[in-house]
Amino acid sequence: MSEETKDNQRLQRPAPRLNERILSSLSRRSVAAHPWHDLEIGPGAPQIFNVVVEITKGSKVKYELDKKTGLIKVDRILYSSVVYPHNYGFVPRTLCEDNDPIDVLVIMQEPVLPGCFLRARAIGLMPMIDQGEKDDKIIAVCVDDPEYKHYTDIKELPPHRLSEIRRFFEDYKKNENKEVAVNDFLPSESAVEAIQYSMDLYAEYILHTLRR
């Protein structure tokens, strides 16, 4: 059999049928899920909630949510030698005054890939001013990590852990000549109130959008 005949036979073979779910995903009517708007915050919110991880523990890469596409994009590489001390992300279906979802630093044993989501418990609030603007961070623990799931308040953490977190945020923009101020950590009640407020703000935003 000649090579030309073999090539013709290969061309005449019927293409394998694609899985219907793949075909559905390629449909013009299908829309990819958006991690901010489509992922549930979780039935235990504001105490226990889902977190979408943007930045991996130990990373120098500053990833962030691209609000238009819902993808995780590279914002920049940190200018200093510091790395993120813990996994960092946001709570879905929340909104803050800066028009972003509320930020969360999740304390746990292992780094988590950007784009994954996990369950977390709020244990404290870190009030922060970034270049003159409010940019508070929720401090949380992963409720599915056996080493940290028992923590319920930030005062239970070792003082060194809090110093580590504070120093990172105070220093990570210094080489960009940007000023960040971190105030005293607040207890879990303050964190829960901040999350509830951001949930309410998001709900108001959705209602306002639907009424347009």
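Here the Cβ of each residue, glycine as well, is placed from N, Cα and C on the backbone.
In Swiss-Prot, the Mg(2+) 1 site is described by Asp98, Asp103, and among Asp66, Asp135, Asp144 the residue recorded at this site is Asp135. For the substrate site, Swiss-Prot lists Lys62, Arg76, Tyr88; matching the candidates Tyr172, Tyr197, Tyr202 against that entry yields Tyr172. Candidate binding-site residues: Lys62, Arg76, Tyr172. Nearest to Asp103 (Mg(2+) 1 binding site) by Cα distance: Lys62. Listed in sequence order, Asp98, Asp103, Met128, Ile129 are the same-chain residues at least 6 apart in sequence whose CB falls under 8 Å from the CB of Asp135 (Mg(2+) 1 binding site). Taking the centre of the Cβ atoms of Lys62, Arg76, Tyr88, Tyr172 as the substrate site, the nearby residues of that chain (Cβ within 8 Å, site residues left out) are Ile55, Lys60, Val61, Tyr63, Asp75, Leu78, Tyr84. When secondary structure is read from DSSP and collapsed to three states, Arg76 (substrate binding site) falls in the strand class.
Residues near Tyr172 (substrate binding site) in space but far in sequence (CB under 8 A, at least 6 apart, same chain), listed by position: Leu78, Ser80, Val82, Val180.
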